[in-house]
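Notes to accompany the following structure.
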Amino acid sequence: MSSILPFTPPVVKRLLGWKKSAGGSGGAGGGEQNGQEEKWCEKAVKSLVKKLKKTGRLDELEKAITTQNCNTKCVTIPSTCSEIWGLSTANTVDQWDTTGLYSFSEQTRSLDGRLQVSHRKGLPHVIYCRLWRWPDLHSHHELKAIENCEYAFNLKKDEVCVNPYHYQRVETPVLPPVLVPRHTEILTELPPLDDYTHSIPENTNFPAGIEPQSNYIPETPPPGYISEDGETSDQQLNQSMDTGSPAELSPTTLSPVNHSLDLQPVTYSEPAFWCSIAYYELNQRVGETFHASQPSLTVDGFTDPSNSERFCLGLLSNVNRNATVEMTRRHIGRGVRLYYIGGEVFAECLSDSAIFVQSPNCNQRYGWHPATVCKIPPGCNLKIFNNQEFAALLAQSVNQGFEAVYQLTRMCTIRMSFVKGWGAEYRRQTVTSTPCWIELHLNGPLQWLDKVLTQMGSPSVRCSSMS
């Protein structure tokens, strides 16, 4: 590695020798991109070494990296950005960006108060875990601290541990197979399939005070990401709960199928593309479907035509586009970031305007009507799907018959509008009345449903030429 600074201390060179390299980058620009990455890494390590020398923790960092041992001590730096990087204005770690992927001038502060260092910004533990352990790390959602880390990022102490071996990658939980009878004896009486397409959805504000139902969120997001702690207040839920009730995860009170039949396990498998996204303007589909292969992607209003981590709506043309749609498109901006991590899907509003989400899985978690539309303000994120919750529902629905399983297909579709909301509290009461919106199809759950339905056979209600 060629030296890119006037002087590179030996300890920096040693630490850089342990840097994990991402997979080979193809294309003509690969060499230039790798050179820029090496420059960034050297500056990041040199900045950290300079700070740790003052506190005497440098040896512990080198020990942790060279031995790759999680039993090493915490390697801490002050949790204020100003102390970390020598700036005079205090700027708490809570204001760091979660990814470190945006480009800005070196050692400057952005208008929103977050700090950029050497053309990038990010949470310090994410930066150094990416550098020394997981080059493909996207977000702090993918990390959880080990139990004996006293200064883990999620503890929000005055100092934060950046020992890369004090963090673990969040693993995707293995979903148990669903046991499906070869020929299901369907219940004689089943509840009718709910149809929400023609009803006016209710609205609710972002659930800032709701306790999450899953332990797979490894760390509390910074205050800028309004978290889901506490209990729901009446003011937050602008909806009437007597219009519908979520499906319960408790055992059904209906009689189950005949268990003397041959049960076949149907397993879940991850698809090559975890979701497909279609873009609409009012009731018209615009452009091609975007197939998401990366665990983190953004849907924005810009114009990059060939990035697997971005679905850029600014490229798409529509001869029927009216002035309202055109104006709305200009306000999409950075749009929404979608994460698929540990079997969970998160939506983060990056735009300066709110986004509006209709997720039946999320609505059930919070006890809302299945068609409720949730407003996510700028800078906030929300878990919009959970594979384990879906697996529990699927296992229960198999006992209720073909129609109950088929109804779960609606849970695998998530609708999201930009800038303009819809529902009972808005002038626009259907998603097809909003100027710009997208529809996500979650491919893994949909393919799992397909395999289960194929195994189950036919629905109980027969369809004849006379029906």
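Yeah, the Cβs are placed from backbone N, Cα and C, and that goes for glycine too.
Around THR8 (phosphothreonine), taking its Cβ as the centre, 16 other Cβ atoms fall within 10 Å, counting all chains. In the three-state DSSP assignment, the secondary structure recorded for THR8 (phosphothreonine) is coil. Annotation source Swiss-Prot lists phosphothreonine at THR8 (among others).
The domain 'MH1' annotation in Swiss-Prot covers 10-176 and is backed by sequence analysis.
Taken from Swiss-Prot, the feature N6-acetyllysine applies to LYS19. Under the DSSP three-state reduction, LYS19 (N6-acetyllysine) is assigned to coil, being neither helix nor strand.
Sequence-distant neighbours of HIS166 (Zn(2+) binding site) (same chain, 6+ residues apart, CB-CB distance under 8 A): ALA64, CYS70, THR72, CYS74, VAL75, ALA145, ILE146, CYS149, ALA152. DSSP assigns HIS166 (Zn(2+) binding site) to a helix. Under the heading Zn(2+) binding site, Swiss-Prot lists CYS74, CYS149, CYS161, HIS166.
Taken from Swiss-Prot, the feature region 'Disordered' covers 207-251.
Per Swiss-Prot, the feature phosphothreonine maps to THR220 (among others); the stated evidence is similarity to another entry.
Sequence annotations record features per position, and here Swiss-Prot assigns motif 'PY-motif' to 221-225.
As annotated by Swiss-Prot, domain 'MH2' applies to 274-467, with the evidence given as sequence analysis.
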Hey, how far is LYS19 (N6-acetyllysine) from THR8 (phosphothreonine), Cα to Cα, in Å? 16
Tell me, how many other CB atoms lie within 10 A of the CB of LYS19 (N6-acetyllysine), whichever protein chain they belong to? 19
Densest Cβ neighbourhood among CYS74, CYS161 (binding-site residues), 10 Å radius: CYS161
Shell list (Zn(2+); ref centroid = CB of CYS74, CYS149, CYS161, HIS166; cutoff 8 A): LYS73, VAL75, THR76, ALA145, ILE146, ASN148, GLU150, TYR151, ALA152, VAL162, ASN163, TYR167
Rounded to the nearest angstrom, how far is the Cα of CYS161 (Zn(2+) binding site) from the Cα of THR8 (phosphothreonine)? 24
